[in-house]
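**Student:** Okay, handing you the structure first.
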Amino acid sequence: MPAVIVVGSQWGDEGKGKITDYLALQADVVVRYQGGPNAGHTVVVDGQEFQLHLLPSGILYPDKLSVIGNGVVVDPEVLVDEIHSLESRGIDTRGLRISARAHLIMPYHKLLDVLQEESMGARKIGTTLKGVGPAYMDKAARVGIRVGDLLEPDVFRDKLEVNLKDKNRIFQHFYGREPMSLEPILESYLAAAQVLRPYITETSVLINDAISRGQKVLFEGAQGTFLDLDHGTYPYVTSSHPVAGGACIGAGVGPTRIDKVIGVVKAYTSRVGDGPFPTELKDDTGALIREKGHEYGVTTGRPRRIGWLDLVMVKYAAVLSGFTGLAVTRMDVLSGFDTLKVAYAYRYRGQEITSFPSSLSVLSQCEPVYREFPGWPEIDPACRRLEDLHPNVRRYLEFVEEVTGLKVALVSLGRNRKDTLTLENVF
Ligand code: IMP
Ligand code: MG
């Protein structure tokens, strides 16, 4: 009766959507536990592409429950659009459940995200401007408005009034902007509430009951370990906890109920947004990988920064989340190169280190220490046995296992759901 958490082990966009969708086939319940519409998960089923921002990847299966946990911040407009767009493509969304405790992203959060980034100038974080950071700020400041409040219009109006008074002072006096008016916000949020009402419930109880009944529950992390508010490359991080511990808080389950944690590792590294990136490739090789892998943000369309695989990071991610196995993605994108590099250590002030530094100034002085590997020809995505993979692909995967001390359970060989090689059962 496993409960499995899927975590990104880099800076997001590791292919968690694809891996979650693949594993969801065997699950009964799929849960998003943090983040919000800043996430972009691409899932390809029978050649049809779906881009999900707030909905858990399990939504594409009609018979599963797909849960938006309390740790997620919900923009009702984005969510309603996403539900309608899936329904118009024939996807049944009745399995959706939304935590009444999840916080709402409000229009003033989105404006604040933009204004805060603008005022930071060169020190900007490079956020997705979806209002995620300001929504989590209000949650911590205990002035947030929650999904459940949408069901009580009077309570919602009161909270909105209090917030607007405060936010409008900031907009007018600090940023020299026009104030926001209450009525249009009230109207559009209460309209969205009508669509969302049937899905809103006490999700923590539902998830715990499912685990107790022996059902299979998959927890789907958004973003990645190095965007974690505590453990990532602060301040160039998101405002939530993508690490496995975040699933316990963001879904309301105890750590003793979790059986496995799968770290998703992209065969190279990417980052969207600012901040240090030791193995970054600013040359033609980076550009080539970007084009081959269509490495453009699903949420913002920004070109992603590309670099070689950094196992110093992956090893640290494995410790932070207690990975029990790995899923390596996008091996197909790396095909056709003469040589590939993988970092297994950093050189800092002449010394080789294998730990990931907490200081950004130390990290920006770290030079990756690489092992070179011979490349491989195009991979057949239909390959179903490790033995059928090119020996150089196997060597690359073996090095990942050697440095991390973890088994590779899944290898993604293409974008489609079916282009996945299972080496070890997860459920
Ligand atoms: P925010 O989450 O919009 O506040 O952005 C904070 C940082 O996290 C920025 O560097 C974003 O580019 C990054 N980020 C947020 N969500 C994702 C994601 O789903 N994939 C990759 N990067 C993300
Ligand atoms: Mg993404």
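In case you wondered, yes, glycine gets a Cβ from its N, Cα and C as well.
Small disclaimer: the values here were computed from a predicted structure and weren't measured.
OK, TrEMBL features for this one:
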ACT_SITE  ASP13  active site, proton acceptor
ACT_SITE  HIS41  active site, proton donor
BINDING   12-18, 40-42, ARG304, 330-332, 412-414  GTP binding site
BINDING   ASP13, GLY40  Mg(2+) binding site
BINDING   VAL298, THR299, THR300, GLY301, ARG302, PRO303, ARG304  substrate binding site
**Student:** With the cut-off set at 10 Å between Cβ atoms, which of these binding-site residues ends up with the most neighbours? Options: LYS18, THR300.
**Tutor:** LYS18
**Student:** Within 10 Å of the Cβ of GLY12 (GTP binding site), how many other Cβ atoms can be counted across all chains shown?
**Tutor:** 28
**Student:** Sorted by position, what residues of the same chain at least six away from HIS41 (active site, proton donor) have a C-beta under 8 A from it?
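**Tutor:** Result: LYS16, GLY17, LYS18, THR20, GLN51, LEU52, HIS53, SER57, ALA222, VAL298.
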**Student:** Under 6 Å from ligand 1 by Cβ, which recorded positions from GLY12, ASP13, GLY15, ARG302, LEU413?
**Tutor:** GLY12, ASP13
**Student:** In the three-state scheme derived from DSSP, which category covers ARG304 (substrate binding site)?
**Tutor:** coil
**Student:** For THR42 (GTP binding site), identify the closest of the binding-site residues THR299, THR300, ARG302, judging by Cα separation.
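**Tutor:** Sorting the binding-site residues by distance from THR42 (GTP binding site), the top entry is THR299.
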**Student:** For THR42 (GTP binding site), which DSSP three-state class applies?
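**Tutor:** The residue in question, THR42 (GTP binding site), is strand (DSSP, three-state).
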**Student:** Is any of ASP13, GLY40, VAL298, THR299, ARG304 (recorded positions) within Cβ reach of ligand 2, i.e. under 6 A, and which?
**Tutor:** ASP13, GLY40, VAL298
**Student:** Looking at the binding-site residues ARG302, ARG304, which one has the fewest other Cβ atoms within 10 Å of its own Cβ?
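**Tutor:** Counting other Cβ atoms within 10 Å of each of the binding-site residues ARG302, ARG304, the minimum falls on ARG302.
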**Student:** Under DSSP, is LYS18 (GTP binding site) helix, strand or coil?
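**Tutor:** Once the DSSP labels are grouped into three classes, LYS18 (GTP binding site) ends up as helix.
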